[in-house]
Amino acid sequence: MKKRLFIISQYLLPHHLLSRLAGCIAECRVRWFKNAFTRWFAKQYQVDMSEAQVEDVTAYEHFNAFFTRALKDGARPLDPTPGAVLSPADGAVSQLGPIEHGRVFQAKGHSYSVLELLGGDPALAQPFMGGDFATIYLSPKDYHRVHMPLAGTLREMVYVPGRIFSVNQTTAENVPELFARNERVVCIFDTERGPMALVLVGAMIVASIETVWAGLVTPPKRELKTVRYDEAARAPIHLEKGAEMGRFKLGSTAIVLFGPDQVQWAQELAAGSPVRMGQGLGLGLPKA
(Lines of atoms letter the chains of each structure in order from A and count residues from 1; the text may use other names and numbers.)
(Lines give C-alpha, C1' and ligand atoms only; values in the text may rest on other atoms or scores of the structure.)
Protein backbone atom coordinates (compact mmCIF):
# COMPACT_ATOMS: atom_id res chain seq x y z
CA MET A 1 0.00 0.00 0.00
CA LYS A 2 2.82 2.39 0.92
CA LYS A 3 4.58 1.72 -2.39
CA ARG A 4 1.35 2.29 -4.34
CA LEU A 5 0.75 5.63 -2.61
CA PHE A 6 4.33 6.66 -3.40
CA ILE A 7 3.87 5.89 -7.10
CA ILE A 8 0.52 7.71 -7.21
CA SER A 9 2.16 10.75 -5.62
CA GLN A 10 4.78 10.72 -8.39
CA TYR A 11 2.07 11.43 -10.95
CA LEU A 12 0.31 14.08 -8.85
CA LEU A 13 3.19 16.18 -7.54
CA PRO A 14 4.14 19.43 -9.38
CA HIS A 15 7.55 18.17 -10.53
CA HIS A 16 9.00 21.32 -12.04
CA LEU A 17 7.75 23.60 -9.26
CA LEU A 18 9.40 21.38 -6.66
CA SER A 19 12.61 21.36 -8.67
CA ARG A 20 12.62 25.16 -8.91
CA LEU A 21 12.13 25.42 -5.15
CA ALA A 22 14.94 22.92 -4.60
CA GLY A 23 17.13 24.99 -6.91
CA CYS A 24 16.50 28.13 -4.85
CA ILE A 25 17.41 26.31 -1.64
CA ALA A 26 20.53 24.79 -3.23
CA GLU A 27 21.76 28.23 -4.37
CA CYS A 28 21.04 29.96 -1.04
CA ARG A 29 24.08 31.85 0.27
CA VAL A 30 22.69 32.71 3.72
CA ARG A 31 25.55 31.34 5.79
CA TRP A 32 23.72 29.88 8.78
CA PHE A 33 21.15 28.15 6.56
CA LYS A 34 23.49 26.72 3.92
CA ASN A 35 25.97 25.54 6.57
CA ALA A 36 23.29 23.82 8.65
CA PHE A 37 21.69 22.22 5.60
CA THR A 38 25.00 21.06 4.12
CA ARG A 39 26.14 19.61 7.45
CA TRP A 40 22.85 17.75 7.82
CA PHE A 41 23.05 16.39 4.27
CA ALA A 42 26.65 15.22 4.62
CA LYS A 43 25.83 13.43 7.88
CA GLN A 44 22.50 12.01 6.71
CA TYR A 45 24.00 10.47 3.56
CA GLN A 46 27.45 9.71 5.02
CA VAL A 47 29.28 11.73 2.38
CA ASP A 48 33.02 10.99 2.34
CA MET A 49 34.61 14.44 2.39
CA SER A 50 38.16 13.10 2.83
CA GLU A 51 38.45 12.71 -0.95
CA ALA A 52 37.14 16.22 -1.75
CA GLN A 53 39.53 19.01 -2.70
CA VAL A 54 37.79 21.11 -0.05
CA GLU A 55 36.96 18.90 2.94
CA ASP A 56 35.19 21.51 5.07
CA VAL A 57 31.48 21.37 4.16
CA THR A 58 30.96 24.95 5.39
CA ALA A 59 33.61 26.34 3.01
CA TYR A 60 31.34 26.05 -0.05
CA GLU A 61 29.48 29.18 -1.16
CA HIS A 62 26.18 27.28 -1.42
CA PHE A 63 24.85 23.74 -1.34
CA ASN A 64 25.19 23.24 -5.10
CA ALA A 65 28.90 24.00 -4.89
CA PHE A 66 29.20 21.30 -2.21
CA PHE A 67 27.06 18.86 -4.19
CA THR A 68 29.16 19.25 -7.35
CA ARG A 69 32.43 19.32 -5.38
CA ALA A 70 35.70 18.50 -7.10
CA LEU A 71 37.80 15.58 -5.87
CA LYS A 72 41.49 15.51 -5.02
CA ASP A 73 43.92 14.60 -7.78
CA GLY A 74 44.22 10.83 -7.96
CA ALA A 75 40.96 10.15 -6.11
CA ARG A 76 39.55 8.46 -9.21
CA PRO A 77 42.36 6.70 -11.13
CA LEU A 78 41.42 5.64 -14.64
CA ASP A 79 41.54 1.97 -15.54
CA PRO A 80 44.77 1.64 -17.58
CA THR A 81 43.65 -1.51 -19.42
CA PRO A 82 43.95 -0.97 -23.20
CA GLY A 83 40.49 -0.59 -24.71
CA ALA A 84 38.76 -0.14 -21.33
CA VAL A 85 35.40 1.64 -21.37
CA LEU A 86 35.18 3.66 -18.17
CA SER A 87 32.28 4.26 -15.84
CA PRO A 88 31.17 7.86 -16.43
CA ALA A 89 30.19 8.39 -12.79
CA ASP A 90 30.19 7.16 -9.24
CA GLY A 91 27.09 5.20 -8.31
CA ALA A 92 25.58 1.80 -8.88
CA VAL A 93 24.72 -0.14 -12.01
CA SER A 94 20.98 0.13 -12.51
CA GLN A 95 21.06 -2.16 -15.55
CA LEU A 96 23.42 -3.02 -18.40
CA GLY A 97 23.24 -5.30 -21.39
CA PRO A 98 22.15 -5.48 -25.02
CA ILE A 99 19.70 -3.16 -26.75
CA GLU A 100 17.06 -5.57 -28.08
CA HIS A 101 14.40 -4.68 -30.65
CA GLY A 102 15.26 -1.01 -30.20
CA ARG A 103 14.55 -1.10 -26.47
CA VAL A 104 16.59 -0.70 -23.29
CA PHE A 105 15.84 -2.82 -20.22
CA GLN A 106 14.74 -0.70 -17.25
CA ALA A 107 13.57 -3.17 -14.58
CA LYS A 108 11.55 -6.36 -14.37
CA GLY A 109 8.62 -5.98 -16.75
CA HIS A 110 9.72 -2.59 -18.08
CA SER A 111 11.82 -1.29 -20.96
CA TYR A 112 11.94 1.90 -22.99
CA SER A 113 12.59 2.95 -26.56
CA VAL A 114 16.03 4.14 -27.67
CA LEU A 115 14.24 6.37 -30.17
CA GLU A 116 12.27 8.10 -27.41
CA LEU A 117 15.28 8.26 -25.07
CA LEU A 118 17.30 10.16 -27.67
CA GLY A 119 14.52 12.62 -28.47
CA GLY A 120 12.59 10.99 -31.31
CA ASP A 121 15.04 11.41 -34.22
CA PRO A 122 15.31 8.07 -36.10
CA ALA A 123 18.66 9.05 -37.65
CA LEU A 124 20.11 9.64 -34.19
CA ALA A 125 18.77 6.36 -32.79
CA GLN A 126 19.57 4.03 -35.69
CA PRO A 127 23.32 3.53 -35.01
CA PHE A 128 22.51 2.16 -31.54
CA MET A 129 19.98 -0.46 -32.61
CA GLY A 130 21.32 -3.86 -31.61
CA GLY A 131 24.06 -2.25 -29.54
CA ASP A 132 24.72 -2.17 -25.82
CA PHE A 133 23.81 0.08 -22.91
CA ALA A 134 24.83 0.74 -19.31
CA THR A 135 22.73 2.72 -16.83
CA ILE A 136 24.45 4.22 -13.76
CA TYR A 137 22.39 5.60 -10.87
CA LEU A 138 24.01 8.33 -8.76
CA SER A 139 22.85 8.35 -5.13
CA PRO A 140 22.82 11.53 -3.00
CA LYS A 141 26.18 10.70 -1.37
CA ASP A 142 27.99 10.18 -4.66
CA TYR A 143 30.37 12.44 -6.59
CA HIS A 144 28.08 14.15 -9.10
CA ARG A 145 30.32 15.07 -11.99
CA VAL A 146 30.07 12.98 -15.14
CA HIS A 147 33.15 12.01 -17.18
CA MET A 148 33.95 10.53 -20.57
CA PRO A 149 33.97 6.71 -20.85
CA LEU A 150 36.16 7.10 -23.96
CA ALA A 151 37.81 10.00 -25.74
CA GLY A 152 35.33 11.56 -28.13
CA THR A 153 34.43 14.51 -30.33
CA LEU A 154 31.03 16.04 -29.67
CA ARG A 155 28.72 15.82 -32.65
CA GLU A 156 25.30 16.73 -31.28
CA MET A 157 23.52 17.72 -28.07
CA VAL A 158 19.77 17.40 -27.58
CA TYR A 159 17.77 18.77 -24.67
CA VAL A 160 14.62 16.66 -24.27
CA PRO A 161 11.94 18.12 -21.99
CA GLY A 162 9.82 15.83 -19.88
CA ARG A 163 8.54 14.90 -16.46
CA ILE A 164 10.94 14.57 -13.54
CA PHE A 165 9.83 11.51 -11.64
CA SER A 166 12.01 10.43 -8.74
CA VAL A 167 14.60 7.89 -9.84
CA ASN A 168 15.05 4.87 -7.57
CA GLN A 169 14.37 1.15 -7.61
CA THR A 170 10.68 1.63 -6.80
CA THR A 171 10.02 4.04 -9.67
CA ALA A 172 12.15 1.98 -12.08
CA GLU A 173 9.93 -1.01 -11.33
CA ASN A 174 6.63 0.87 -11.45
CA VAL A 175 6.85 3.87 -13.81
CA PRO A 176 6.80 2.68 -17.45
CA GLU A 177 9.56 4.13 -19.67
CA LEU A 178 10.88 6.18 -16.75
CA PHE A 179 14.15 7.29 -18.37
CA ALA A 180 12.47 8.13 -21.68
CA ARG A 181 9.89 10.30 -19.88
CA ASN A 182 12.13 12.30 -17.57
CA GLU A 183 13.85 15.51 -18.63
CA ARG A 184 17.29 14.72 -20.06
CA VAL A 185 20.30 15.92 -22.03
CA VAL A 186 21.53 13.68 -24.85
CA CYS A 187 25.16 14.03 -25.99
CA ILE A 188 26.40 12.18 -29.09
CA PHE A 189 30.15 11.70 -29.48
CA ASP A 190 32.26 10.18 -32.23
CA THR A 191 34.75 7.78 -30.61
CA GLU A 192 37.16 5.01 -31.55
CA ARG A 193 34.19 2.65 -30.97
CA GLY A 194 31.90 4.58 -33.30
CA PRO A 195 29.01 6.74 -32.06
CA MET A 196 28.58 6.92 -28.29
CA ALA A 197 25.54 8.42 -26.60
CA LEU A 198 25.91 9.75 -23.08
CA VAL A 199 22.51 10.69 -21.64
CA LEU A 200 22.13 12.69 -18.43
CA VAL A 201 18.68 12.06 -16.99
CA GLY A 202 17.07 14.43 -14.51
CA ALA A 203 14.86 13.48 -11.58
CA MET A 204 12.65 15.02 -8.92
CA ILE A 205 14.40 18.07 -7.35
CA VAL A 206 17.19 17.96 -9.95
CA ALA A 207 17.50 21.71 -10.33
CA SER A 208 19.68 21.67 -13.45
CA ILE A 209 22.02 19.76 -15.73
CA GLU A 210 25.21 21.36 -17.02
CA THR A 211 27.87 20.47 -19.59
CA VAL A 212 31.43 21.79 -19.67
CA TRP A 213 30.98 23.28 -23.15
CA ALA A 214 27.49 24.84 -22.83
CA GLY A 215 27.07 25.52 -19.12
CA LEU A 216 23.45 25.29 -17.96
CA VAL A 217 21.53 23.23 -20.52
CA THR A 218 18.05 22.78 -19.07
CA PRO A 219 16.24 25.77 -20.64
CA PRO A 220 13.34 27.59 -18.96
CA LYS A 221 10.92 27.08 -21.87
CA ARG A 222 11.19 23.28 -21.65
CA GLU A 223 11.18 22.80 -25.42
CA LEU A 224 13.08 20.20 -27.45
CA LYS A 225 16.34 21.79 -28.55
CA THR A 226 19.07 20.34 -30.76
CA VAL A 227 22.55 21.83 -31.22
CA ARG A 228 24.92 20.36 -33.79
CA TYR A 229 28.65 20.67 -33.19
CA ASP A 230 29.94 19.10 -36.40
CA GLU A 231 29.15 22.15 -38.53
CA ALA A 232 31.93 24.19 -40.09
CA ALA A 233 30.90 27.31 -38.15
CA ARG A 234 31.61 25.65 -34.80
CA ALA A 235 35.03 24.79 -33.39
CA PRO A 236 35.31 21.05 -32.68
CA ILE A 237 34.85 20.02 -29.06
CA HIS A 238 37.05 17.06 -28.18
CA LEU A 239 37.19 15.55 -24.71
CA GLU A 240 39.78 13.05 -23.57
CA LYS A 241 38.97 9.77 -21.87
CA GLY A 242 38.13 10.44 -18.23
CA ALA A 243 37.63 14.18 -18.76
CA GLU A 244 34.66 15.86 -17.10
CA MET A 245 31.78 16.43 -19.53
CA GLY A 246 28.93 17.54 -17.26
CA ARG A 247 27.38 17.57 -13.82
CA PHE A 248 24.07 17.24 -12.01
CA LYS A 249 22.96 19.90 -9.57
CA LEU A 250 21.11 17.23 -7.58
CA GLY A 251 20.27 13.73 -9.00
CA SER A 252 20.26 11.35 -10.99
CA THR A 253 21.23 8.90 -13.79
CA ALA A 254 23.77 8.57 -16.63
CA ILE A 255 23.11 6.20 -19.54
CA VAL A 256 25.79 5.14 -22.05
CA LEU A 257 24.91 3.64 -25.44
CA PHE A 258 27.14 2.04 -28.08
CA GLY A 259 26.42 0.50 -31.45
CA PRO A 260 26.44 -3.25 -32.17
CA ASP A 261 29.63 -5.29 -31.68
CA GLN A 262 31.57 -2.44 -30.09
CA VAL A 263 31.82 -3.22 -26.37
CA GLN A 264 31.53 -6.12 -23.96
CA TRP A 265 30.56 -5.31 -20.38
CA ALA A 266 32.54 -6.86 -17.53
CA GLN A 267 30.95 -10.16 -16.51
CA GLU A 268 31.21 -9.37 -12.80
CA LEU A 269 28.92 -6.34 -13.16
CA ALA A 270 25.17 -6.69 -12.66
CA ALA A 271 22.23 -4.63 -11.43
CA GLY A 272 23.19 -3.16 -8.07
CA SER A 273 26.97 -3.39 -8.54
CA PRO A 274 28.71 -0.32 -7.07
CA VAL A 275 30.98 1.54 -9.50
CA ARG A 276 33.29 4.53 -9.36
CA MET A 277 34.13 7.01 -12.06
CA GLY A 278 37.15 5.75 -13.99
CA GLN A 279 36.52 2.09 -13.18
CA GLY A 280 36.39 -0.20 -16.19
CA LEU A 281 32.82 -1.11 -17.18
CA GLY A 282 33.98 -3.27 -20.04
CA LEU A 283 36.25 -3.54 -23.06
CA GLY A 284 36.07 -2.55 -26.67
CA LEU A 285 35.64 -5.59 -28.91
CA PRO A 286 38.25 -6.37 -31.60
CA LYS A 287 37.45 -4.61 -34.84
CA ALA A 288 36.47 -6.83 -37.74
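For all residues, glycine too, the Cβ spot is worked out from N, Cα and C.
Annotated in Swiss-Prot:
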- Ser252: active site, schiff-base intermediate with substrate (ACT_SITE)
- Ser252: pyruvic acid (Ser) (MOD_RES)
Cβ-Cβ neighbours of Ser252 (active site, schiff-base intermediate with substrate) (radius 10 Å)
27
Which secondary structure state does DSSP assign to Ser252 (active site, schiff-base intermediate with substrate), in the simple three-class scheme?
coil
